[in-house]
Amino acid sequence: MTKAPIAGNRTGRKLGQRVKNKKMKASSRQWLQRHINDPYVQRAQLEGYRARAAFKLLEIDEKYHILRGARRIIDLGAAPGSWSQIAAKVTGSTDEDIRVAAIDFLEMAQLPGVKILQLDFLDPSAPEKLMEAVGGTPDLVISDMAAPTTGHHRTDHLRTMHLCEVAAHFAIEVLGEGGHFLTKTFQGGTERDLLAMLKQNFRQVVHVKPNSSRAESVEMFLLAKGFKGRKAEGHAEEA
């Protein structure tokens, strides 16, 4: 069971620690103070994960079991790599037998058992390169992609929703029957066409807000379970 971290100094640092730096802007100082006092950040350091985001995936999996039985996983917007760490572990991926492919336009340090592509997912060559890297049909496509923020809520929402839609189209093109798709989204309304497409192609579509996602954050996750497969869609068109 993925439990919420307990406040304390298990990492050698007490919660409630203040950041003192007169040269730092107040907003930056507040962010850094919140970050170093975040129990999920401390737990990630303690358990060897690259980011607190690991617990978002673990919480979602605890309820919906999307990692169970996964043999190949594609991780979109992977940096710094905590989701890829989990993916490599559950698939048994090794450098000799790669079963996890990760992509991000940001540089990402190497991980055992993960083929990393430093490339914008919107690059036309990205889908083919990901499929070559993962070495077979994926059971799970996970996306933590979000567009760089501009400070304008509506613009940020639309840009991130575009990434969600592109990721969803990719998942439908590459997943094996019964596979799952998980993507980050922002509160503010999921595009109707995206939901309709996912419901047409997957047996279950739900919104998820894990406890490890900060309460003040507008992020949510959209989970599509049980890919129906492309053959059924083809038969429907013929009919």
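Cβ coordinates are placed from backbone N, Cα and C, and glycine is handled just like the others.
Together with GLY81, TRP83, ASP120, ASP144, Swiss-Prot lists one candidate of ASP104, ASP193 for binding S-adenosyl-L-methionine, that being ASP104. Of the candidate ranges 1-20, 21-40, Swiss-Prot annotates residues 1-20 with the feature region 'Disordered'. Neighbour counts of Cβ atoms within 10 Å were compared for the binding-site residues GLY81, ASP144, and the top value is held by GLY81. Pairwise Cα distances among GLY81, TRP83, ASP104, ASP120, ASP144, the recorded S-adenosyl-L-methionine-binding residues, top out at 18 Å.
Checking Cα-Cα distances from LYS184 (active site, proton acceptor) against the binding-site residues (GLY81, TRP83, ASP120, ASP144) with a 10 Å cut-off leaves ASP144, in sequence order.
Each of the binding-site residues ASP104, ASP120 was ranked by the number of other C-beta atoms within 10 Å, and first place falls to ASP104. DSSP assigns ASP104 (S-adenosyl-L-methionine binding site) to a strand segment in the three-state reduction. Around TRP83 (S-adenosyl-L-methionine binding site), the same-chain residues six or more apart in sequence whose CB sits under 8 Å from its CB are ALA53, ALA54, LEU57, ASP75, ILE142, ASP144, listed in sequence order.
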